[in-house]
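Enquirer: Got a structure for you, questions after.
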Amino acid sequence: MAIAKQTTKRGVEIRIAQLQKTFGDQNVIKDITLTIEAGQFVAIVGKSGSGKSTLLRLVAGLEQPSSGDLLFNGATLKKSQASITMMYQDSRLLPWKKVIDNVGLGLKGNWQQKGESVLHAVGLSAFSNEWPSTLSGGQQQRVALARALIREPDLLMLDEPLSALDALTRSEMQDLIETIWQENQFTALLVTHDVREAVKLADRIILIEEGVIALDVENPLSRPRDVTNKQLIELEKQVTSRILEKE
């Protein structure tokens, strides 16, 4: 399922220093400092309104910080020329375009062969010329993943992309994302409310609480991870109990 010809690690290192973001008089992100290694899979968890999605948008360049620094391989986003793509809870497919055209949306030149390749990588080779309306929710998210992969990301941002899916489809998508990440070695940054999902997928789990980092824990478990594994359950309990402390 590897979608790039490169064999060397291409994930981008992210350095965040004293990052702050205010909206009016509300300080949503408060002095966050952290480093994410190139090729690392990091999950950001926390309650609604904690600032985790705002942090994701800042890293993606969709919002500008009020203060602080964001560096990608030691340079600003623009100067680094890092390829950053995003997946959302909503697949955001255009209903009047075929699946293959949704995958290549905005691309120029001869991208069709590459489009077919990434559709194969996500298990949708047979659906290239279908309309989005004929696909299930899980299949639509696979198209969204293919659309992200065709751009050969250095950083893949995942903003609750699986939260609307049923349990079985969600598990299948988790396995697919993990496999593609392992084969293509980009940096992955996942925002999720699901602590089990974070523990299953991530090398590192970061808890954001009221705009600050409340917990930053490494995940030592080998892959692939079984959600019934005792150590996984214990790590899930550790993170969940910390989230619930202030309730």
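Glycine too: its Cβ is placed from the backbone N, Cα and C atoms.
Quantities reported herein were computed from a predicted structural model and do not represent experimental measurements.
According to Swiss-Prot, the feature domain 'ABC transporter' maps to 14-235. The annotation ATP binding site is assigned in Swiss-Prot to Gly46, Lys47, Ser48, Gly49, Ser50, Gly51, Lys52, Ser53.
I'm curious about the neighbourhood of these features; can you describe it?
Expert: Mean per-residue pLDDT, taken over the domain 'ABC transporter' (14-235), amounts to 93.
For Gly49 (ATP binding site), applying a Cβ distance below 8 Å and a minimum sequence separation of six or more within one chain yields no residues.
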Enquirer: Hey, of the binding-site residues listed (Lys47, Lys52), which one tops the CB count within 10 A?
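Expert: Highest number of other Cβ atoms within 10 Å: Lys52.
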Enquirer: With an 8 Å cut-off on Cβ distance to the Gly46, Lys47, Ser48, Gly49, Ser50, Gly51, Lys52, Ser53 Cβ center, who else from the chain surrounds the ATP site?
Expert: Thr54, Ile208
